[in-house]
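Only one structure is covered here, and it is reproduced in the block below.
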There are 2 protein chains.
Amino acid sequence: MDPLTQQPVTPLRVRTTTTEEFNGIPHHVYPLNTRREDDGVVSIEGVRLTDVAEEYGTPVFVLNETDFRTRCRQLATAFRGGHHVHYASKAFLTVSLCRWIEQEGLALDVASENELAVALAADFPAERITVHGNNKSEGFLTRAVTAGVEFVVVDSPPEIELLEQVAAKLGQVQNVLVRVTPGVHVETHEFIATSHEDQKFGFSLASGAAEKATLACAKAEHLRLRGLHCHVGSQVFEADGFVLAAQRLLSLWPTVREGKGPEGSITLDTLDLGGGYGIAYMPDQEALDVDGVARDLLEQVEAAADRMGIAAPSVNVEPGRAIAGPSTVTVYRVGTVKDVETSDRTTRRYISVDGGMSDNIRPSLYNAEYDCRIVNRLTEAEPVPSRVVGSHCESGDILIADALIPGDVRPGDLLMLGATGAYCYAMSSRYNMMTRPPVVVVSDGSSRTMLRRETVEDILALDTDH
Amino acid sequence: MDPLTQQPVTPLRVRTTTTEEFNGIPHHVYPLNTRREDDGVVSIEGVRLTDVAEEYGTPVFVLNETDFRTRCRQLATAFRGGHHVHYASKAFLTVSLCRWIEQEGLALDVASENELAVALAADFPAERITVHGNNKSEGFLTRAVTAGVEFVVVDSPPEIELLEQVAAKLGQVQNVLVRVTPGVHVETHEFIATSHEDQKFGFSLASGAAEKATLACAKAEHLRLRGLHCHVGSQVFEADGFVLAAQRLLSLWPTVREGKGPEGSITLDTLDLGGGYGIAYMPDQEALDVDGVARDLLEQVEAAADRMGIAAPSVNVEPGRAIAGPSTVTVYRVGTVKDVETSDRTTRRYISVDGGMSDNIRPSLYNAEYDCRIVNRLTEAEPVPSRVVGSHCESGDILIADALIPGDVRPGDLLMLGATGAYCYAMSSRYNMMTRPPVVVVSDGSSRTMLRRETVEDILALDTDH
């Protein structure tokens, strides 16, 4: 049984190659309660996607509220309380999403002043907000401290000085975490441990920069150092990398404790291990085992603290993709279908849809892979080597580079791409002036708009000569 | 002398490595009339960029109208008439830009319905518009034919059928070009000639698909085939690839002529060789020699036509980057500066600015390189190995990956990146809810807003729960 879907583990955990497989729905890639109705139409939460396409047009993002909330709950349980689970706004954020996250008892990470502004506009409780960023402006820090956010994660020496000034001016004491680069990089199932990290975020553990930063926080009168933060990678599937990073961070604990600061300036109780919880984009992938990883991680942190003779800190995590990603599909309408000879003996079918790199830059930017299914009917055709491309005036505008897709896909068909809830809308552009699709929420048999479709009027509204 | 800037060719056509070089302005990378004033502040067209930053905030795109118009004129002269030069909207388009292009006598390429809508909103004459796209909808084609665009460039068999239906319904005859993939790819200074092309655009010459497509157009009662179109690459610097593509396209001419169609359905007079005219992003690069390439290309096409005993066709070109790219700089304010140890003996300086991959995705997406200069003052410091990064919550958010930048760059300084006029604003996102910067036009000593800055209100305006 799949612990999340409560359904038998699907036999579809292989790359799809047959007509029959293509008519199936790999449940670990698509939102909860995605099914193919008797007439062949795909529905989510009882809402037929053909009806969504009809009512809202295409392309359209379709977000399953139940899926989103279920993943929030699973993570909250696994990490022993929603306040330890900080949803990473950068994956995707709206006013409604803030409310769901609040209702499910989770906390929120923001990494820009506007993300904070949207959270506050949604009345998200500031005391459950953590503030990130490598280049926070004075205005952003002032707004964060004024609002009373739980943590500011400090990232550079000038920022520690600036935050101290801001908090002093406001007469407040701000809880902070120090972002540390522990020299642990995780790439899906493997991790590498190094001593240095060449990246913009954080203070290096190996160079002594992290120790200096904690000391600077301890000495700052208006900062209270509560713990350390790190982030080991994206699309991580095992606990090992998190555990090693946690152990490395804990090794700094005794040193930090001895850091001389004003009374009460250090309360070491928090270890924030960041995000990176992997999801399944393709049928032959499996999402990170949230329950198993949480159990391993918490046990290992407790064991390490025990060996060191210190109280085990709270472990916070920052999933974004793992909550938002699988909740959503993008539905496109097929426009042109064209066979292109790629050599004297082979052809590739190019299936053009009415969106592209403006609503999903991830294939172009990260070589990300996506799965697709026909939405409006069953297929009986043999799969043929195909490429799903967008409508942009750029040959790199590719959504699925190389897949076997049934040979009867034709203009007018609807295709859905799975697991598009994270970093698709959030990174969307208006390239070729193709405006953003709407985001439609499906829940309990009905649908509604969460974000409306952009139009050319939104483009012209910025144009002062219009 | 540089033919465009009418200034001595700068000695700065090397990668900048010394303090003195860094205080210079490589004129072939930055807009016309960019200079460092006596007090060290950089101005464009007599407008001090410190004043622009003060008045409009940062980040900000600064576009030099004179530069943009000068490049339009140079291309129009080189290609014997502005109507042969089709500005590629996808690079960057606004209402004002449409007007400048119209005033300079150029034509316009659009690749989406919204690009067409903006051009028409700016009263750009439809008879100078060419319509591109691999997946044009019926609505888009209807709008194009109704408006009376000069050419529709057809790209797939179903589109030829659809366009014929659309034109028939409207009782009009639409001029068309057939997009051909001639098997010529150009990568900067080299080209490769193949027989097949594995891409979404066009009809293959080698497979016979191009011939079939021309025949289909010739037989369609409401289409008039006027010629062929191809596109050989981006950032091209030599004529050779264009010449070979032109020769290959011309080889189809006699066959097309014999295509049986209704009276008047073929008027072969146009060869559209697309865009790809390279510009200098870095001091050690030189832009394509527009005059030289145009001369070579036109001569070779005439010679080839002569050998074939046919009338030489008009040669159209589609520069976007070559007009918009060098006209613009992006001015950022430096936030944090941090030295990161990358090994036991070396450090890299991370300079964070207040924009990033949301306003310029090209370094992340294409490994594109950019040059930068300090705007607000002269420097006296030795350059140190540095990386210019943005403010996004992503370690790949890099604007300049590896450069020697003076060691005295500090928080509050203004940095400008050159040649950001093409594909930066056009591909910009709101990642991390960092809204789009404004585009400010400088001209003849004064400045004005062309596109206003986006705010969080623009984000919330789409949110139906706000």
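Every residue gets a Cβ built from N, Cα and C, even glycine.
Unlike curated records, TrEMBL annotations are generated automatically.
For B:Cys393, the entry in TrEMBL reads active site, proton donor. According to TrEMBL, the pyridoxal 5'-phosphate binding site annotation covers B:Gly276, B:Glu318, B:Pro319, B:Gly320, B:Arg321, B:Tyr423. As annotated by TrEMBL, substrate binding site applies to B:Arg321, B:Arg362, B:Tyr366, B:Glu394, B:Tyr423. Residues or ranges marked as domain 'Orn/DAP/Arg decarboxylase 2 N-terminal' in TrEMBL: B:67-324. Taken from TrEMBL, the feature domain 'Orn/DAP/Arg decarboxylase 2 C-terminal' covers B:326-421. Residues annotated as N6-(pyridoxal phosphate)lysine in TrEMBL: B:Lys90.
Listed in sequence order, the residues B:Ala88, B:Lys90, B:Ala91, B:Ser234, B:Gly275, B:Tyr277, B:Ala322, B:Ile323, B:Ala324, B:Gly325, B:Ala422 complete the 8 Å Cβ shell around the pyridoxal 5'-phosphate site centroid, once B:Gly276, B:Glu318, B:Pro319, B:Gly320, B:Arg321, B:Tyr423 themselves are left out. Filtering of the recorded positions B:Lys90, B:Gly276, B:Pro319, B:Gly320, B:Arg362, B:Cys393 by Cβ separation from chain A (threshold: under 8 Å) yields B:Lys90, B:Cys393, ordered along the sequence. When each of the recorded positions B:Lys90, B:Arg321, B:Arg362 is scored by how many other Cβ atoms sit within 10 Å of its Cβ, B:Arg362 comes out lowest. Classification of B:Arg321 (pyridoxal 5'-phosphate binding site) by DSSP places it within a helix. Remark: secondary structure over the domain 'Orn/DAP/Arg decarboxylase 2 C-terminal' (B:326-421) totals 7 helix, 44 strand, 45 coil, with classes taken from DSSP. The Cβ neighbour count for B:Gly320 (pyridoxal 5'-phosphate binding site), using a 10 Å radius over every protein chain in view, is 25. For the residue listed as 'N6-(pyridoxal phosphate)lysine', the binding-site residues whose C-alpha atoms fall inside a 10 Å radius of its own C-alpha are B:Gly320, B:Arg321, out of B:Gly276, B:Gly320, B:Arg321. The shortest Cα-Cα distance between B:Tyr366 (substrate binding site) and any of the binding-site residues B:Gly276, B:Pro319, B:Arg321, B:Tyr423 is the one to B:Tyr423.
Within the same chain, the residues at least 6 positions away from B:Pro319 (pyridoxal 5'-phosphate binding site) whose Cβ sits under 8 Å from its Cβ are B:Leu75, B:Val85, B:His86, B:Tyr87, B:Ala88, B:Gly275, B:Tyr277, listed in sequence order.
Of all the recorded positions listed here (B:Arg362, B:Cys393, B:Glu394), B:Arg362 has the Cα closest to the Cα of B:Gly276 (pyridoxal 5'-phosphate binding site). Remark: of the binding-site residues B:Tyr366, B:Tyr423, the most isolated position is B:Tyr366 (fewest other Cβ atoms within 10 Å of its Cβ).
If you measure from the Cα atom of B:Arg362 (substrate binding site) to that of B:Tyr423 (pyridoxal 5'-phosphate binding site), you get 8 Å. The two recorded residues, B:Arg321 (pyridoxal 5'-phosphate binding site) and B:Cys393 (active site, proton donor), show a Cα separation of 29 Å. You'll find the Cα of B:Tyr423 (pyridoxal 5'-phosphate binding site) roughly 21 Å from the Cα of B:Glu394 (substrate binding site). Taken together, the residues in the domain 'Orn/DAP/Arg decarboxylase 2 N-terminal' (B:67-324) have a mean pLDDT of 94 on the 0 to 100 scale.
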